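Trainee: Below is the structure I would like to discuss, written out as structure tokens.
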Amino acid sequence: MASTSSSAADASSGELPSPALASVEKTAESPQRAVTDGTMDEAADDIVVYHFDGDNDDDAHPSSGWAALKNKNVSRVLAFCFLDGASHSIWRQDPFQVLIKQLGGDTAVGWMAGFSGITQMLAAVVAGYIGNIVKHETVLRIGSVIGLVTIAMSMVAASKLSLTLFYVSQALCGVYAGISATTMEALFADSVATGRRAFVYNLKWMDQVLSSCVGLVISIAVLFHLGNQWEESALVKTMFVGLLLHPVAMSMLWTMRDKYALKEDDGGAEAAVVFTELGGGDADAGSGGRVRKSASGVELMHSCLHDAVEAGEGCTATATSTTAARTETEDTPWSSGLRGDSSGKCVHWSTAPPAVVASPPPASPSGRPPLSTRQKTVQAQLEEECEAVKRDFYANMRAARGNYVKQLGYALSYYTRVIVTWEAVPYLVCLVNFLVSFGSGMTMRYISLFFVEDYKTSPVTLLSASLLISPLTALTSFIVQRSGDFYVGRLPSTIIVRLIGTTLLLLMGTTTLPLNVMLPIYMFRNALMNSTAGVTRSVIMDCVRKENRAKWSAFESFSSFTWSGSAVFGGYIAAAHGYKGTFVITAVFHYCSLAVLVPGAIGALPVERELMRTNSRKPHASCLVVTVVVCVIIAIASCLYAWFFSEMSKKGW
């Protein structure tokens, strides 16, 4: 069979046909003639585009940017993150930490985070393993049920002020977070096109950050109404407000579906598109008149169609290429219309394609693939180079068998080279996130306690500062994403921002400043350090294969465990050396992480350059305009903060 041999050829070349296309098994019986002036012209060299909607819901193709929100999983994940973040910011942030501090001290705060982190790690490992066996939607529903049990247990613990029950509820909360976050992130990644995740992931992170504003406003209102004091009764009532809101967020997990995920990793979501030329002659058709078309050819021509509108790059060259696959199809009822392209040819659109058999992809006479595929082409070249280096290393090691000096030299040379390659980027980024999480865990649980204990800050003042952190983080995330996509690259922008944030934390740990100076430093430090999460996650998801994303998402949850686990050490350090001691140690970890991220930035440089070159062709605000807007917003925020703090001081708050 021609289809079998073609598939085998594709497998040997490393190219896998689209699952959606490979499943089509309709056979054409006679040549399709092009319509010219109302007549059928068999010799015409026209173009046909077949569109197949896998789930029959006529969804638009969410290729990139805001269009990705048309995917139902993407929009529902964003809704869940907003509701979940608002609930957490009410009952599990500052009021919860202060309550636990009053019940059991600094070490209890650390151990509470440790219990949550351990269970989250174990649940993430399980969820990452079964994510490739069981449907994602089933795992998410299991996580939702566990979350409801967590809410009930937390209510009982808060009403009885039982430290033991709080330990149990936090352990269950870790299980809920490990299952739901790991599985949801994998499904979310499968619903966004490769190479276009920086914008969508940054939007998701901004959504999570801004959602905390809602919870903080509610917390400020409740605590202000109850006397603006850190009293146990006021803290418990505030927690109950968030606990009652959280089940609404958990119900959103039941609306996410595996069928809404993209069928192809290149962005061919619910729609599989076949773009070919019409022509006569049996020689170009497959066995039995089947359509000859490869998955890569589909990607090239489909991307050309869409990118021509965005980037002003025509796809006439692709359409007229002599190497394009030709089709022979019957004039069936599913032929839905004709439309002319820029070359004067007719473009035939259809809602159902005939059978697809792999064939060589069309080549552009200019030798330059469409914009949306160049980044993936660079990635493929880098992966091939990494494989070649690996083969040479193993060959040299076998040749030097018994000569341990040579083997040591080969090993040092290999690992020195591989650490700055594209293949090492996801490992380095995850290692950096591990170090950052481990260091932050010793600090973040205690920053609010630092202001409450050392500066006697009132609930309204502290929560208002936290409220301003959210829009600052969202703004900084936008700047990091834009600068990474258009100017310096995603990882270099991450290094710059984290370097500034780490220096601010070191300043907090080594100086004694007034509250009206220390609070802004704390705010900007948190905003800078938290603004890079969406960008680094997009880099990881671009580097790994679709089938491995659940495992990598589970590994990121393991980093979250280190964040919680290191809080235990932070509790003992705070008890022995004060809160500032934890700030200094955290800064040391963060500086070390920046050193590790430098080789990753070097390895990702070719792909980042291609990404910036592609994005530079799209309309966007200039760097000067963005800088001016940011400065104006920061100036306004600073004036409002100074006014607010002065008013609070006058009233003795």
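Glycine is no exception: its Cβ is also placed from the backbone N, Cα and C atoms.
Feature list, courtesy of TrEMBL:
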type	residues	note
COMPBIAS	1-13	compositional bias 'Low complexity'
REGION	1-38	region 'Disordered'
TRANSMEM	108-131	transmembrane segment
TRANSMEM	138-158	transmembrane segment
TRANSMEM	164-188	transmembrane segment
TRANSMEM	209-228	transmembrane segment
TRANSMEM	234-254	transmembrane segment
REGION	319-343	region 'Disordered'
REGION	353-372	region 'Disordered'
COMPBIAS	359-368	compositional bias 'Pro residues'
TRANSMEM	424-448	transmembrane segment
TRANSMEM	460-480	transmembrane segment
TRANSMEM	487-509	transmembrane segment
TRANSMEM	552-575	transmembrane segment
TRANSMEM	581-602	transmembrane segment
TRANSMEM	623-644	transmembrane segment
Trainee: I'm a bit unsure how to read this: which one of 164-188, 209-228, 424-448, 581-602 has the highest number of Cβ pairs shorter than 8 Å with the transmembrane segment (138-158)?
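Mentor: The stretch with the most contacts is 164-188.
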Trainee: Tell me whether the transmembrane segment (581-602) sits in contact with the transmembrane segment (234-254), defined here as at least 3 Cβ pairs under 8 Å among residues 6 or more apart in sequence.
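Mentor: These two stretches do not touch.
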Trainee: At least three Cβ pairs under 8 Å linking the transmembrane segment (209-228) and the transmembrane segment (424-448), pairs spaced 6 or more in sequence?
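Mentor: No; fewer than 3 Cβ pairs under 8 Å.
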Trainee: So if I exclude everything within five residues of the ends of the transmembrane segment (424-448), which remaining residues of that chain have a CB under 8 angstroms from its CBs? That is, six or more out.
Mentor: 93-94, 97-98, 106, 109-110, 113, 418, 462, 466, 491, 498, 505, 522, 526, 529, 536, 539-540, 543-544, 552, 555-556, 558-560, 562-567, 569-571, 573-574, 579, 582-583, 585-590, 592-594, 596-597, 599-600, 603-604
